[in-house]
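Engineer: One structure, pasted below without further comment.
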Amino acid sequence: MLEARDLYCERDERTLFRGLSFTVDAGEWVQVTGGNGAGKTTLLRLLTGLARPDGGEVYWQGEPLRRVRDSFHRSLLWIGHQPGIKTRLTARENLHFFHPGDGARLPEALAQAGLAGFEDVPVAQLSAGQQRRVALARLWLTRAALWVLDEPFTAIDVNGVARLTRRMAAHTAQGGMVILTTHQPLPGAADTVRRLALTGGGAGL
């Protein structure tokens, strides 16, 4: 279980949220919503331990995140707004960097992400959407329980969004957890996703 307890965050003398508390249990996924500048990416960075809140605490499996950082990161898949891939490497080589023991599974993961036939193309030669798919192919490889995804559908077409949404649904059905930001609808998942709305100083589930 991931828990945010009484989080407070201020940026540039402006309160993004205060008193923000919620939990994400096994089998749940949460969509963080809010306007530009509401603090969606900031919240995800707090939840992954990439930044510290100005007040409050994040807990993983009942322990403060700062005390269990190593075990938490072994349970985490974080894909930020920037795909975090190496443009000089091929799609296959990028996945091998993150999943060196899964060589036989890499082509299938890339195919699931819509990159069949692009496995050995340097990422620098791929479109923005294809580069995003290289990062998202990790969803078919990772063994992490918690997925935190910042705008995963950017530059992804409708069919790709549907395929990724099905993968997230399968992950939560198996007891995984997903937290994501997106402005796009989640096809077939509207009734199962909890929405956390950041409203400028507060939030509501």
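The backbone N, Cα and C atoms fix where each Cβ goes, glycine too.
Features from Swiss-Prot:
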| type | residues | note |
| --- | --- | --- |
| BINDING | Gly34, Gly35, Asn36, Gly37, Ala38, Gly39, Lys40, Thr41 | ATP binding site |
| DOMAIN | 2-205 | domain 'ABC transporter' |
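Mind running through what each feature is packed against?
Structural biologist: Taking the Cβ of Lys40 (ATP binding site) as centre and 10 Å as the limit, one finds 24 other Cβ atoms among all the protein chains shown.
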Engineer: Take the Cβ of Ala38 (ATP binding site) and count every other Cβ within 10 Å, whichever protein chain it belongs to.
Structural biologist: 20
Engineer: Counting across all protein chains shown, how many other Cβ atoms sit within 10 Å of the Cβ of Asn36 (ATP binding site)?
Structural biologist: 6
